[in-house]
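Pulled from TrEMBL, these are the features on record:
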type	residues	note
DOMAIN	4-167	domain 'Tetrapyrrole methylase'
BINDING	LEU9, ASP87, ILE90, SER115, ILE116, LEU167, MET211	S-adenosyl-L-methionine binding site
Amino acid sequence: MLRFIGLGLSIDNIPIGNLKKLFECQKIFIDSYTSIWFPNIDLLVDILVKSGKSVVVARRDDLEGSAIRRILSESRDYDICIATPGDPFIATTHSAILSEALRMGIAVEISPSSSIVNVGISMSCLQIYRFGKIVTVVRPKNGIVYEYPFDVLKLNRELNLHTLMLLEIDVENNYYMNPREAIEILLEIQRMRGEEILGKDDKIIVLEALMSSSGRIYIESVESILRRSPDEYRFYPYTIIIPARVLHPIERECLENIDRVLYIHSINEKELLNIASYIFR
């Protein structure tokens, strides 16, 4: 069997049922390149290894391309798990493995978990029914500027919908886009097109390292973000939400006090180890 297991965003966020399923796997691939797990994915790896599990801290080459065949071949005879920070299929690249496994008749189990998408929306004070398309802002590459994020923002604003934007990360190369860089990219596309979708006074909700001990949510204007130094962005990953032009009264009132929203951590490393030991015994 091939199991896709979501780890949530942090030690506090991993579902107990999913943790139990990890201990039932004979071999575990832990995705270390599509996102970050707090406080550190090595903590979870250490617990699994000490429990006698075969664990591969997987890079991109371990879960994509020719590696897929090898994983699926093992899945015919053993319980193989692919564990992913967040949710296995939200903003990840694992759909190709799932599709091929189903095509080959391999038994597949999916264990979802929370991701930055639902956590970000939940903690943003905004109504989920008023969110439009979600998009990832990426750096220009080889002189090519990817304009699709601007297209999504334009469409959502025309429909008076909120826009959640994931910001590019490259864990293997230690690159994490910050809000200023994302806004600069959007404004450059806007300048090239001669349009006016995003103004200097527009508000941006910044989600900073949510579910970590440094996580926080705050609101800044476009102009304020552009004044920030890149060195000020120390706690990644970042996600931004650009609210609809017209807010519901409850949304507006809540956003005025969003900096008072708290997430209190309740599980530490020792407690996770105790929970894991209880499950494994």
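Each residue, glycine too, has its Cβ placed from N, Cα and C.
What TrEMBL says about a protein is an automatic prediction, not a curated fact.
Note that the structure is a prediction, hence the values are computed from the model and not measured.
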Inside 10 Å of the Cβ of LEU167 (S-adenosyl-L-methionine binding site), count up the other Cβ atoms and send me the figure.
22
Give me the largest Cα to Cα distance among LEU9, ASP87, ILE90, SER115, ILE116, LEU167, MET211, the residues the record lists as binding S-adenosyl-L-methionine, in Å as a whole number.
17
Which of the three DSSP-derived classes (helix, strand, coil) applies to LEU167 (S-adenosyl-L-methionine binding site)?
strand
Among the binding-site residues listed here (LEU9, ILE116), identify the one with the smallest other-Cβ count within 10 Å.
ILE116
Any idea which of the binding-site residues ILE90, MET211 has the thinnest Cβ neighbourhood at 10 Å?
ILE90
Taking every residue in the domain 'Tetrapyrrole methylase' (4-167), what is their average pLDDT?
94
What is the total of other Cβ atoms whose distance to the Cβ of SER115 (S-adenosyl-L-methionine binding site) is within 10 Å?
23
